[in-house]
Each structure stands twice: as structure tokens, then as C-alpha cells.
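Student: Dropping a structure here in C-alpha cells format, bear with me for questions.
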Amino acid sequence: MKQKLLVIGGPTAVGKTDLSIKLAKNLNGEIISADSMQIYKYMDIGSAKVTKDEMNGIKHYLIDAIEPDTPFSVADFKQLGEEALEKIICNGKFPIISGGTGLYINSLTCNMTFTEAEKDESYREYLETLALEKGNEYIHEMLKDVDPISYKEIHANNRKRVIRALEVFKLTNKPFSSYNVGLDFYNSEYDVYYYVLTMNREKLYDRINKRVDLMMEKGLLNECIRLKEMGYNSDIQSMQGIGYKEILYYLEGKITLEKAIDMIKQGSRNYAKRQLTWFRRDKRCIFLDKDIMSDDEILDKVINDIIKN
């Protein structure tokens, strides 16, 4: 019998953290955070990081796990996540994944193979230069002979993906498309229960706007100033996150603070929209509408689904 694994997904500000902690209390569980920003140390307010008080005694993994300037990929998350899952199960606890980064969730629940550990920076730079000089179509055509499947599946303008496909072939002598071919993508060693919280779009957007205002009240500006003083600037991946890059624009004198706040709100709303699009594409997701169901009804449904099966 497969080990059961619970996933709580959904857009930003929908209430995933609160639900996952209540579920962990009821199921004797521990939580893996699948959030691309909460994994970084010192980035607390802008990432709406769960606090020690909010954790309510529930152990969380992959929060404050790496320095802000540490290069971090989905493959890295998969490795850390698998180690966390093993610890949770060995501790006799129920594993719960909670977060809004769909790709991170998939890395632990789908049949995904990564070759991210293998990189050739000089070849990447060569291809980037080639694309700038001769156009995206030129490097896209290079794919035709070595990986015709990726050539058809990856659009010429998705330069990053085209470069990655060419790089994988150069490093492994195997086409990028050969990874996962013939395998059921959703095949997992776990019995996955995947729930996604939703609510009326206008209501969600209002929650997002209010949360950004609360972040400013809690000291997001000072958090960004402190990060900048620690040497973390816009040239690193983590500082390109929503809430950080906009405040950096303000600190660099490029925009007003009011404009930065508006941009954070707009960026967060756009991100929520993309998150929902991602989850709707996943055939495993069971959507729980918070406009129709109360928090207690959602809690009861998830617990009953897991217990009765």
C-alpha cells in the first residue's frame, strides 16, 4: 500500500497556511513548504512567511532553508523535499505539502526527472550570444537535428527553454525530450490527495491588496533596506521576487513608494491568476471553493477523504 501524501495548493493569500496547520494538528502531520520565496532566510515579511506562533507547534520543512544569494532550482527543491518526506515518514508523522509553487509540488508528486545538476555555463553564454546576434529562430533550428520532439514542443521565443534543451543534449548526448518519455507523468510512489483552495476572484484580489498594505505596516520597506545592507541586490534571484524587486526600484530612486506598492499589488494579483491557471491544468486537483464551503467544512472534507480511504 502506498504512503498517503496530502497537498494543499492554491493562489497567494487564499488561506493555505491556516488550513494546512489545522490539518497537521488533526492528522498528526508535519508540513513541507512548497513556496519559492519562504525557503530564503531573512525574507520574512515580503514572502508572508509563516511565523513560529502561527506554526502552533507543527514542524515545518523548507522554510528559512537557504541564504538569499544561494542559486536554487526545482531540482534542488526536489532533493531537499524528498529528504524532508523521508524524515516525516520515519518520524511516524503524516506528510503534508502546502504552497503555491506548482512546479515545486510536482517535483515531489510527479514522475519528473531533472538534469539540473549538470550545467555548462560557457555553452549557455555562447547560445545566448548567438540568439542575440542571429535571433531566437536560429538557435531553435539547432534543436531540429538533435531533438526534433523538443523542436516541435518548445516555441522559438522560449529562448531559456531552447537553450536548456541544447545544453542537456550537449552534456548527456540524450535529447531533452527523452526524459519522462514513456512514463506516466502523474505516476507517483505516493497516494496523493491534492486539494486547491479557491474563492471569488474579486474577493481574492481584495485579500491580496489588504495583505500588501499589512506587509508595509509590518515593515517590508525596512526588511528590504536591511537585505540591501547585507549585500543582497537586484542581481540575485531571490530579490527578483514580488515585493522585493519593486521596493528595490524605490530604494534606487526609480519609482515612488506609492508606485512600488501599486506594482506589488498588481504583480501579486497577476501571480495569483497564473497560479490558478497552473492548478486548473492538473487533473489531480480537487477544488475547494471557500465561497461555498466554510473553513470547518473544508477541514472535515479533507480529513474524511483521507481517513475513509
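Even glycines carry a Cβ here, placed using N, Cα and C.
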Student: Can you check which of 35-38, 175-178, 187-190 Swiss-Prot lists as region 'Interaction with substrate tRNA'?
Tutor: 35-38
Student: List the Cα distance (Å, whole number) between Arg124 (site 'Interaction with substrate tRNA') and Ala13 (ATP binding site).
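Tutor: Ala13 (ATP binding site) has its Cα 37 Å from the Cα of Arg124 (site 'Interaction with substrate tRNA').
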Student: When you measure from the Cβ of Gly15 (ATP binding site), how many other Cβ atoms are you left with inside 10 Å?
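Tutor: Taking all protein chains shown, Gly15 (ATP binding site) has 17 Cβ neighbours within 10 Å.
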Student: Over the span of the region 'Interaction with substrate tRNA' (35-38), count residues by DSSP class, listing helix, strand and coil in order.
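Tutor: Per DSSP, the residues of the region 'Interaction with substrate tRNA' (35-38) fall into 0 helix, 0 strand, 4 coil.
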Student: Ranked by the number of other Cβ atoms within 10 Å of their own Cβ, which of the binding-site residues Ala13, Val14 ranks first?
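Tutor: Within the set of binding-site residues, the most crowded position is Val14.
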Student: Do you see any of the binding-site residues Gly10, Pro11, Val14, Gly15, Lys16, Thr17 whose C-alpha is within 10 Å of Thr101 (site 'Interaction with substrate tRNA'), and which ones?
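Tutor: Among Gly10, Pro11, Val14, Gly15, Lys16, Thr17, the ones whose Cα sits within 10 Å of that of Thr101 (site 'Interaction with substrate tRNA') are Gly10, Pro11.
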Student: Apart from Gly10, Pro11, Thr12, Ala13, Val14, Gly15, Lys16, Thr17, which residues in this chain have a Cβ no more than 8 Å from the mean position of the Cβ atoms of those residues at the ATP site?
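Tutor: Residues close to the ATP site, other than Gly10, Pro11, Thr12, Ala13, Val14, Gly15, Lys16, Thr17: Gly100, Leu197.
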